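*Asks:* Have a look at the structure that comes next, please.
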Amino acid sequence: PISIRVPILIPDYRERGIVSGYREPRSSAAACLLSAFQMSNETLNIWTHFVPAWYFAWQLAAALRPRRAWPFLAYLLSCCLYPLASSGAHTFGAMSRRARHLGYFLDYAALGTYSLGSALAYSAYAFPPEWLGGTFHLCYVPVAVLNAALATGLACYSRIVEPARPRLGKAARTAAFACPYLFDSIPIFYRLGACAARGCAGPALPLHGRHTALALLAGLVFASHLPERLAPGRFDRLGHSHQLFHVCAILGTHFQVEAVRMDMAALPAGAAPAALSTLIPMGIGAGASLAVVALCSASLGRVQQPSNILHIKE
């Protein structure tokens, strides 16, 4: 039998409903890399985001050739970063408590950047025509920049408070993911609702609808811990909620990329914004998120965490 040391009181390591399959919580970097090729409860979490990151990188490389559509390129870059950061966090999360927190802090910063990339693409290509140039359109990207930084901060904060207040930590992290998505998607929700009421159709709308459905499903499985909470131990390595969350998120992003591509193709030639109107907000949002990560990482030494260890025989 293999003895695996599992912290029984550290909520950010031991997941609800996941009984076994944990890696040694003080593994070396080499052991963490090797664990990607061994079946643990993190293996599919690693691969369900690592492989898609390179698929989106291929999409980005292809988009560089025809023309320089800056919002689309920035958005595709964010689609590469968030699954790659997530895969890294899951791979090296067993090295130490600090490495685990830092990995997920960077993961949250990448998700914040992805939300901003989505907003830049929506603002450039997917806004309802009657909203273009209005107050909401003018404020949309600046608010998305602020949301990216606030979401990163709230998600990082959720990890710091989670050991003492697990429910608050989970609620804060769920809100950090949900709020930017809901704000970014306001133009899409309007278009879907308007077309449902008027009976209009367009090639991009079904894809936006699929992305929306998968995003809502991803949020549901992330927040509910289904199915493992109904049968603890049954889904430890295959089929638990975080794996389903990854799959739904990646499929949703795939449909989102295709929908944005169609919206972009439908615009008149030369209608895309200039480079600076994309690069400046993207740089500010990413820089602010990284600054939040630095601040939260510096605070880790002041956070008390229990160190009880349980030996589980498998």
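Every residue, even glycine, has its Cβ placed from backbone N, Cα and C.
Automated prediction, rather than curation, is the source of TrEMBL annotations.
From TrEMBL, here are the annotated features:
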| type | residues | note |
| --- | --- | --- |
| TRANSMEM | 72-93 | transmembrane segment |
| BINDING | H90, H242, H246 | Zn(2+) binding site |
| TRANSMEM | 105-125 | transmembrane segment |
| TRANSMEM | 131-157 | transmembrane segment |
*Asks:* In sequence order, what residues of the same chain, 6+ apart, have a Cβ less than 8 Å from the Cβ of H246 (Zn(2+) binding site)?
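*Replies:* In sequence order, L44, N45, T48, H49, S86 meet the Cβ cut-off.
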*Asks:* Mind checking which residues of the chain, 6+ beyond the ends of the transmembrane segment (131-157), have their Cβ under 8 Å from one of its Cβ atoms?
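*Replies:* Contacts with the transmembrane segment (131-157): 105, 108-109, 111-113, 115-116, 119-120, 122-123, 172-173, 175-177, 179-180, 183-184, 186-187, 190, 281, 284-286, 288-289, 291-293, 296.
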*Asks:* Let me know the most crowded of the binding-site residues, choosing from H90, H242 and counting other Cβ atoms within 10 Å.
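*Replies:* Counting every other Cβ within 10 Å of each candidate, the maximum falls on H90.
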*Asks:* Around the Zn(2+) site formed by H90, H242, H246, which additional residues qualify by having Cβ within 8 Å of the site's Cβ center?
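*Replies:* So the additional residues around the site are E42, L44, N45, I46, T48, H49, S86, Q243, F245.
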